[in-house]
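S.K.: Pulled these features from TrEMBL for this protein:
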{"type": "TRANSMEM", "residues": "18-38", "note": "transmembrane segment"}
{"type": "DOMAIN", "residues": "18-226", "note": "domain 'Ammonium transporter AmtB-like'"}
{"type": "TRANSMEM", "residues": "50-68", "note": "transmembrane segment"}
{"type": "TRANSMEM", "residues": "129-150", "note": "transmembrane segment"}
{"type": "TRANSMEM", "residues": "157-175", "note": "transmembrane segment"}
{"type": "TRANSMEM", "residues": "195-216", "note": "transmembrane segment"}
{"type": "DOMAIN", "residues": "248-439", "note": "domain 'Ammonium transporter AmtB-like'"}
{"type": "TRANSMEM", "residues": "256-273", "note": "transmembrane segment"}
{"type": "TRANSMEM", "residues": "285-310", "note": "transmembrane segment"}
{"type": "TRANSMEM", "residues": "317-336", "note": "transmembrane segment"}
{"type": "TRANSMEM", "residues": "342-359", "note": "transmembrane segment"}
{"type": "TRANSMEM", "residues": "371-389", "note": "transmembrane segment"}
{"type": "TRANSMEM", "residues": "414-440", "note": "transmembrane segment"}
């Protein structure tokens, strides 16, 4: 098998790969932050299930990205890359053949780029293939972890495991190739830019989370929802609703200490998230500085505006405001100065608070606030690239890659975001429904339960059966989903 030939690694190559591994390790550690954040925001009787989901999601994501996702996202596809990108070419996906030996060849080549990844080698000079795989893997895992917070306390363990696999193996790399692939069509046709993933990672994960939260509907009692209103079970399996649960019980975090520690872990991990996304080590200090400032201003704005929007300041608002600021600047941390990065963070803090209130009006239950943080702030961050990027003065000479008119660039940024989120919404809904129907059929066949009686047309029946397939039982929801696991 052919591999790209390389000389002995230089000091620059060694340092570049080392930094990429360190940055990847920081991003990997964000999994601990997401686990603590979700555990702290959810009720205590679901803690074991929440922690297990946050562990298994990375296991599922790793297998999916190794088997399918990485090649689909970064493989050459129809085109090889002997030199600079050809502006007349664009592609929709990378490689669609995934033999293991192709991605991890037995070779003495120090950089170890196998045949079929010449575009990746062109985009990331002086980096080893294995380091790039690891760094991109932890990004992919983040997209799946985002979903966990929005569907917490009511999604079945195996439903989430399967969805994570398909999200990371197929959906995430498919849309990601359009933006980060060498000939990705959004990048080539619209000059769409997303430096570190406000759209590629956060908006994709946030959209999938929104679909999951909508399909599952709220937790029992949240917004006075009763799951029996659209599913009539047979009389022997009827469950009584939990008595007199106030709405504050659903919004009061069980452990703000965990959530605060999680915020700090995630903030630290974001320095690797954004800082590792550059191909030049000279740019890292600037990227880290803009990232840090945006997080700080996001938290500040959240605590300033939360009394007027939700009635009182809260630690939860500060936490999600910081995270929203980090998401918002992710797309532009290399393209803006610190003043503009601070402004992007300020607006992100407001977006988080008003976004949470908006979801309440829609009666969409998001226990960890994942949708406002990742989807809404991801949208703002994507648009901010067009509004605030400075093509001629900052660390990246972005002028050759951007439209001269910032309003034109902003329009294309918005259009690209809408395209990615629309495709993600449709495909993630199809995946959730397919998994739900499969699990419903499997459980009915195994237990021989009587079929449920469902009101409505064929679409409502499909949605309802899918919901029953992916949502925990009434009993599990009342006592907590930790009963799925053996307790020592």
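Using N, Cα and C of the backbone, Cβ positions are placed for all residues, glycine too.
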S.K.: Look at every Cβ pair spanning the transmembrane segment (50-68) and the transmembrane segment (195-216), keep those 6 or more apart in sequence, and say whether at least 3 of them are under 8 Å.
M.R.: no
S.K.: What residues in the same chain, six or more past the boundaries of the transmembrane segment (195-216), come closer than 8 Å to it by Cβ-Cβ distance?
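M.R.: Distant contacts of the transmembrane segment (195-216): 139, 142-147, 149-151, 154-155, 163, 167, 171-172, 175-176, 179-180, 273-274, 277, 327-328, 330-335, 364-366, 370-371, 373-379, 381-382, 385, 416-417, 420-421, 424-425, 428-429, 432-433, 436, 463, 466-467, 470-471.
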S.K.: Apart from its near flanks, which chain residues at least 6 from the ends of the transmembrane segment (157-175) lie with a Cβ under 8 angstroms of it?
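M.R.: Here the qualifying positions are 49, 52-53, 56-57, 60-61, 63-65, 67-70, 72-73, 92-94, 140-141, 143-144, 147-148, 151, 200-201, 204-205, 208, 212, 420, 423-424, 427-428, 431-432, 435-436, 439, 469-470, 481, 484.
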S.K.: Please report, as numbers and ranges, the same-chain residues at least 6 past the borders of the transmembrane segment (129-150) whose CB is under 8 Å from any CB of it.
M.R.: 17, 20-21, 23-24, 27-28, 30-31, 34, 37-38, 41, 50, 53-54, 57-58, 60-62, 64-66, 69-70, 73-74, 103-104, 111-114, 117, 120-121, 160, 163-164, 167-168, 172-173, 197, 200-202, 204-206, 208-210, 212-213, 273, 276, 366-371, 374
S.K.: Limited to the domain 'Ammonium transporter AmtB-like' (248-439), I'd like the whole-number average of pLDDT.
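M.R.: That stretch averages a pLDDT of 92.
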